[in-house]
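Over in Swiss-Prot, the protein carries these features:
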{"type": "BINDING", "residues": "Gly89, 92-93, Thr97, 99-102, 117-125, Ala129", "note": "5-phospho-alpha-D-ribose 1-diphosphate binding site"}
{"type": "BINDING", "residues": "Gly89, Asn120", "note": "anthranilate 1 binding site"}
{"type": "BINDING", "residues": "Ser101, Glu234", "note": "Mg(2+) 1 binding site"}
{"type": "BINDING", "residues": "Arg175", "note": "anthranilate 2 binding site"}
{"type": "BINDING", "residues": "Asp233, Glu234", "note": "Mg(2+) 2 binding site"}
Amino acid sequence: MTSSPVPVQTDLRPVLSRLAKGEHLNEEEAFAAFDLIMRGQATSSQIAALVMALRLRGETEAEMGGAVRALRSHMIPIKAPDGAIDVCGTGGDGAGTLNISTAVTFVVAGCGIPIAKHGNRALSSRSGAADVLTALGVQIDLGTERQEAILHDEHCAFLFAPHFHPALRHAAEARSQLGIRTLFNLIGPMGNPAGVKRQLTGVFDPIWAAPMARVLGELGTETCWIVHGLGLDELTLAGESQVTALENGSLRQFSVTPEEAGLPRAPLDTIQGGDADHNARVLQALLDGADGPYRDTVCLNAAAALIVAGQTGTLKEGVALARRSIDDGSALSALNRLRAATNAIP
């Protein structure tokens, strides 16, 4: 991924004209176009036209790489504890499940792994990470310095994207009005402001797994799993999931099944979610010890996160650690500590 200077883009219309002809942008051109968006120099109509043109024609790895670089160039960075990871998904899968990665956050934190959970409110679903955390009583509207302090003190924090990526406000109206997945869904998980070197990322379409892993590697990520499970941006209990792993500078692609982790299969409808309040109640019940497919799904994904974190080497061992985190109250304690820290008067 080149870091050569790029021309300053001052008007998105020439780019739109090229895309209308079916042309591709190279990485530097994509950087310039998205940099213009981040600087507030494109209208909502132009932004919507750009991301829809890319989606209809098919986004390229170079375009994704340039867009990620633009996103990162405008973010407010913080420093994470050593060994910190992120667990998130692109969204946009349209499945309407319970919040998986948010629950995984507390299970993994309960295992002693620092976790800088990066996320937003729902844009193309009913309940995003920010929505369910708010319903759980976690205060997300905190300054970046306060969140950095919480991350270091509690080893668990939610990095609310609008606070760390203020430039994305210029695209908010277009994204909300479109209400569908776009390139922004792909680049969001690659813009963790804490600069984590390890992450578990779910993707709405497995075609993007290898490109995302390569781009993350070029941006300094050491280990990541990009996962997709039968339409979900998560590992699933419903059948076989696809994984693209970046490890030691190399990509490895493989599939995993619930049986490999020692878990029973369960259909997708067993983890159907609702609004933020409903999903928060179910997540709280999970941390309080409730059993069932939701717990198993969370444990499966937590196991993957623990492998990425270097805590274990197999899914079966990871599931055992995840179950212990829930059963001994460590996961619940992680939520309670985060809730208390974010609501404390500084």
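Glycine too: its Cβ is placed from the backbone N, Cα and C atoms.
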Sequence-ordered, the binding-site residues among Asn120, Arg175, Glu234 whose CA is within 10 A of the CA of Gly89 (5-phospho-alpha-D-ribose 1-diphosphate binding site) come to Glu234
Taking all protein chains shown into account, the Cβ-based neighbour count within 10 Å for Asp233 (Mg(2+) 2 binding site) is 27
According to DSSP, folded down to helix, strand and coil, what is Thr97 (5-phospho-alpha-D-ribose 1-diphosphate binding site)? strand
On a C-alpha basis, identify the one among Arg175, Asp233, Glu234 that is nearest to Arg121 (5-phospho-alpha-D-ribose 1-diphosphate binding site); the candidates are the binding-site residues. Arg175
Rounded to the nearest Å - Cα separation of Ser101 (5-phospho-alpha-D-ribose 1-diphosphate binding site) and Asn120 (anthranilate 1 binding site): 12
Cα nearest Asn120 (anthranilate 1 binding site) among binding-site residues (Thr97, Arg175, Glu234) -> Arg175
Whole-number answer please: how many Å between the C-alpha atoms of Glu234 (Mg(2+) 1 binding site) and His118 (5-phospho-alpha-D-ribose 1-diphosphate binding site)? 16
